Amino acid sequence: MTSSAAPRIALIAHDKKKDDMIALAGEYAAFLRRCTLTATGTTGGRLAAELGLTVDRKHSGPLGGDLQIGALLVEDRIDAVIFLRDPMTPQPHEPDINALVRACDVHNVACATNMATAHLVLSQLQAASAASNGEER
């Protein structure tokens with residue numbers, strides 16, 4: 001991310017974590033409106049419908065959405081991933097999930113997989129964005 005560019009954030013949530021994603025995005029909505037957002041299908045649809053966020057929607061995770069976001073990440077088109085995972089429910093596309101998280105590790109992209117780390121990543125991105133634009137927090 002260049003210092004003046006809007007952060008490019010991918011937002012993904014498993015079914016049982018979608019309400020958490022909506023709550024999180026609602027808390028950071030003013031900041032997220034200034035970001036370039038990409039999300040998997042259903043998550044992106046809810047973010048747009050419920051919060052009015054502009055989101056580039058990819059396929060749902062099980063239909064390849066995680067892989068689409070991984071490809072953007074590898075092409076240096078994603079600065080951070082917020083991936084609220086459900087660790088208690090087996091996912092049919094677990095290999096795709098692991099590939100996305102591995103791509104974050106390989107390409108040194110922040111990847112928050114729970115609410116605690118999501119708050120840390122978003123608050124840091126918000127502060128960095130404000131500082132680069134000369135705003136007060």
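Quick reminder: no glycine exception, Cβ is built from N, Cα and C everywhere.
What TrEMBL records for this protein:
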type	residues	note
ACT_SITE	D66	active site, proton donor/acceptor
BINDING	H14, K18, T40, G41, T42, T43, S60, G61, H93	substrate binding site
DOMAIN	1-137	domain 'MGS-like'
Seminar exercise, completed: Its residues classified by DSSP, the domain 'MGS-like' (1-137) shows 72 helix, 21 strand, 44 coil
For this session: Quick one: pull the CA-CA distance for S60 (substrate binding site) versus D66 (active site, proton donor/acceptor), whole Å only.
Result: 8
Exercise. Considering the binding-site residues H14, H93, which residue's Cβ sits among the greatest number of other Cβ atoms within 10 Å?
Worked result: H14
Exercise. How long is the line from the C-alpha of T40 (substrate binding site) to the C-alpha of the residue listed as 'active site, proton donor/acceptor', rounded to the nearest angstrom?
Worked result: 7
Exercise. Counting every protein chain present, what is the number of Cβ atoms, excluding its own, within 10 Å of the Cβ of T42 (substrate binding site)?
Worked result: 17
Exercise. So around the substrate site, H14, K18, T40, G41, T42, T43, S60, G61, H93 aside, which residues have their CB within 8 A of the centroid of those CB atoms?
Worked result: I12, A13, D15, P62, G65
Exercise. So among the binding-site residues T40, S60, who's got the most Cβ atoms within 10 Å?
Worked result: T40
Exercise. Out of H14, T42, H93, the binding-site residues in the record, which is closest to the residue listed as 'active site, proton donor/acceptor' when you go by Cα distance?
Worked result: H93
Exercise. Taking the residues H14, K18, T40, G41, T42, T43, S60, G61, H93 listed for substrate, what is the greatest CA to CA distance in Å, to the nearest whole number?
Worked result: 17
For this session: Would you count the other C-beta atoms found within 10 angstroms of the C-beta of D66 (active site, proton donor/acceptor) for me?
Result: 29
